[in-house]
Amino acid sequence: MDKLIIGGIEIKNRLFVGSGKYPSNEIIKDVLEGSGSQVITLALRRVDLDNKEEDILQNIPKDVILLPNTSGATNAEEAIRIARIARAMGCGNWIKIEVISDSKYLLPDNEETIKATKVLADEGFIVLPYMCPDIYAGRRLIEAGAAAVMPLGAPIGSNRGLKTKELIQIMIDELDIPIIVDAGIGKPSQAMEAMEMGAAACLVNTAIASSEDPINMARAFKVAVEGGRLAYEAKMGRESKFGNASSPLTGFLD
């Protein structure tokens, strides 16, 4: 069984969760418990060290890895500045690069993301860049020092599933780096499909936070991710155009 190691840390639970869109900060602790997640993303603007009631960190256990994102950055320079602030505020060395200048579809800018990744990796950050799935950009992110890459399945927050499935599969097959499917996953079955493809992990936020029962939805995604990974490691049987009997069709009545 392959281990998922990022930044020298073994990640045993391959479901990453986000912290946005929940009805209250208090529910996040229960979602983390239900999902078993070791990694949670958060926007820096939700960290308020001067107001504990509004500070999201008060609801995140100390053993959970913080993955602050650079939400709001429209270019590499802004992403770099946000990452440095996050580390200075005590959020650690992990950073999810988000560089989005497209306000309609919220698609990440791969070129600016590569620039930010290079600078931050050189500064000792564990960089996980959010990207449009592309084999060439993936290779350049690896060269820039990314610890993993996070291609989108569909536009962020859309719950539309794996619309970029074939492009993600190419990245899984060709890149020697953890591929974490991020954005667009709307159902546990879609997370399972991503894991069956060989994704190293899935990051889910909107699908859990916008459900009527986020805690049970977190549990559902946990089971789906575990099942999909187990199926991938078990090496699924080949598909066939024709029927193939599982029991002998001859000999019994001869």
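Heads up, the Cβ atoms here are built off N, Cα and C, so glycines get one too.
Here is what Swiss-Prot records for this protein:
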type: ACT_SITE; residues: LYS96; note: active site, schiff-base intermediate with DXP
type: BINDING; residues: GLY157, ALA183, GLY184, ASN205, THR206; note: 1-deoxy-D-xylulose 5-phosphate binding site
So, in DSSP terms, is ALA183 (1-deoxy-D-xylulose 5-phosphate binding site) helix, strand, or coil? coil
Specify all same-chain residues, apart from the site residues GLY157, ALA183, GLY184, ASN205, THR206, whose Cβ lies within 8 angstroms of the center of the Cβ atoms of the 1-deoxy-D-xylulose 5-phosphate site, ordered by sequence. GLY18, ALA154, PRO155, ILE156, SER158, ASN159, ASP182, ILE185, GLY186, VAL204, ALA207
Any idea of the Cα spread of the 1-deoxy-D-xylulose 5-phosphate site, GLY157, ALA183, GLY184, ASN205, THR206, as a max distance in Å? 9
Mapped onto three states, the DSSP assignment of ASN205 (1-deoxy-D-xylulose 5-phosphate binding site) reads coil
Calculate the distance in Å between the alpha carbons (Cα) of ALA183 (1-deoxy-D-xylulose 5-phosphate binding site) and LYS96 (active site, schiff-base intermediate with DXP), and round it to a whole number. 13
So for GLY157 (1-deoxy-D-xylulose 5-phosphate binding site), how many other CB atoms are inside 10 Å of its CB? 18
What residue among the binding-site residues ASN205, THR206 has the most other CB atoms lying within 10 A of its CB? ASN205
So of all those binding-site residues, GLY157, GLY184, ASN205, THR206, which one's Cα sits nearest to the residue listed as 'active site, schiff-base intermediate with DXP'? ASN205
Nonlocal neighbours by CB distance (under 8 Å) for GLY184 (1-deoxy-D-xylulose 5-phosphate binding site), same chain, sequence gap 6 or more: LEU152, GLY153, ALA154, PRO155, ILE156, SER158, ASN159, ARG160, GLY161, LEU162, LYS163
